[in-house]
Amino acid sequence: MTQQLNHAKVNQHPGQATLPETAEGQVRTYEVKTYGCQMNVHDSERLSGLLEEAGYVAAPEDATPDLVVFNTCAVRENADMRLYGTLGNLRSVKEKNPGMQIAVGGCLAQKDKDTVVKKAPWVDVVFGTHNIGSLPTLLQRAEHNAQAEVEIVDSLEQFPSVLPAKRESAYAGWVSVSVGCNNTCTFCIVPSLRGKEQDRRPGDILAEVQALVDQGVTEVTLLGQNVNAYGVNFVDPELERDRSAFSKLLRACGEIEGLERVRFTSPHPAEFTSDVIDAMAETPNICPQLHMPLQSGSDKVLKEMRRSYRSKKFLSILDEVRAKIPHASITTDIIVGFPGETEEDFQATLDVVKKARFTSAYTFQYSPRPGTPAAEYENQLPKEVVQERYERLMVVQEQVCEEENQKLIGTTVELLVQAGGGRKNDATKRMSGRARDGRLVHFAPEGDIDGEIRPGDFVTVTVTEAKPFFLIADSGVQTHRRTKAGDNSAVGQVPTTAPIGVGLGLPQIGAPKVAPATESACCSIN
């Protein structure tokens, strides 16, 4: 999964009379810094929701917040250095602002526990992946006791869906279907930090999706460490195990009016079944996009990784997907330099990459993570060997990406317009959007336009140029559809989702009842 840094946006809390205050009687502000994968991004939405429910408001840009929360990652080797380097920079800031608090959560906090405070004693709160709901209480306790509060629990206290959330996007939302993972990949530390897989009730998931759609969201990504294992470990003991539960969930999403795009990440090749592919092919709003982690093309390395599939099985899945969804875009994850990887093993990975024709690949150089079996393997590779293989893989994958993108020149695609400028925006004034298959397209915002194009609107364009990692559409906009999400984006309004309790959802698969329509003064859907 990709590394990224995200910041909370400004959102004024309506009930300021009850807000926590600084010593000067001012409202406390916060900033959440997120490192790591999509799971962390979504957890940070929950953290923002919790803090705003507790009375904090997000700090304006360039202002020093009263509270800084780090939601950390432990997957990559440099995660520790990034965190402690940033904490070191904050030490002097905190010394100049005595009332400032710093909290560290996420996977690195879960892993390091007491080490965080030993290395950075100016940190006020350390919390883990299983108790993010405790953050407001821990902050109060740290302030009252004038000492650091460290609370790491070994198992999930409550499913994150029971926590409020402040979403980052007006048009696209993450929805967790599960937490944790039951796989035992030898390179991965996530199961020891996130715990065993626990699956949400289908009705809770669909209710959250409906709540987002009611607020204008048109695209939802179903999120889990291994989404196609969904149904094996329901948190509700009354629900029976159902290995076809994920395909049923996808079809149920197809019944939700107003939900135009559904994506999911990430599946596991060993458990990816034909019923999911059929649901993708037969449900119109399921996007023709599949992220299928390869990790290695060598069967020997896959065995050492404990991945429980082989390259032939992997390629057969792609063949079935393309037979049923010919225009599907398939992306992947690849690790280079796993302990014991030979040149022959690496060539096997290159061979699979050439056969698989991935639209894009998240490629990582292996780094040993303490606490994982692979970190103890004796045959670790020299860094220069790993770097050289990584560079060769990037050349091959980049060529494949460009060749696949070249096939789309002259085709017309529908884009969900994204926030942020397009390629070389200052010179071209291009905007950016995502096609249904997930490809990034930079387009010229001119032509048949209904007023200003906003993030969250839909446009159709014709691809005029292809690059390895994006497409360009400079022939103008053919159609422009304004949306409620676009209206919300224009005024800086993002969705919020109220707590959805594990025990309150509907036990059966199926679209929830549609909530009564709500009118927005800024809504104009054409």
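Any Cβ shown, glycine's included, is placed from N, Cα and C.
Per Swiss-Prot, these features apply:
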REGION    1-24  region 'Disordered'
DOMAIN    28-144  domain 'MTTase N-terminal'
BINDING   Cys37, Cys73, Cys107  [4Fe-4S] cluster 1 binding site
DOMAIN    167-403  domain 'Radical SAM core'
BINDING   Cys181, Cys185, Cys188  [4Fe-4S] cluster 2 binding site
DOMAIN    406-477  domain 'TRAM'
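The separation of Cys37 ([4Fe-4S] cluster 1 binding site) from Cys188 ([4Fe-4S] cluster 2 binding site), Cα to Cα, is 13 Å.
Geometry remark: Cys37 ([4Fe-4S] cluster 1 binding site) versus Cys181 ([4Fe-4S] cluster 2 binding site), CA distance 15 Å. As a whole-number mean, the pLDDT of the domain 'TRAM' (406-477) in this prediction is 92. Ranking the binding-site residues Cys37, Cys107, Cys181, Cys185, Cys188 by how many Cβ atoms sit within 10 Å of each one's Cβ puts Cys107 at the top. The number of other Cβ atoms within 10 Å of the Cβ belonging to Cys73 ([4Fe-4S] cluster 1 binding site), over all protein chains shown, comes to 24. Highlighted in sequence order, Asn183, Thr184, Phe187, Ile189, Val190, Pro191, Gln225 have their Cβ within 8 Å of the centre of the Cβ atoms of Cys181, Cys185, Cys188, the residues recorded for [4Fe-4S] cluster 2, and are not part of that set. Reported as a whole number, the C-alpha separation between Cys73 ([4Fe-4S] cluster 1 binding site) and Cys185 ([4Fe-4S] cluster 2 binding site) equals 17 Å.
Broken down by DSSP into helix, strand and coil, the domain 'MTTase N-terminal' (28-144) contains 58 helix, 24 strand, 35 coil.
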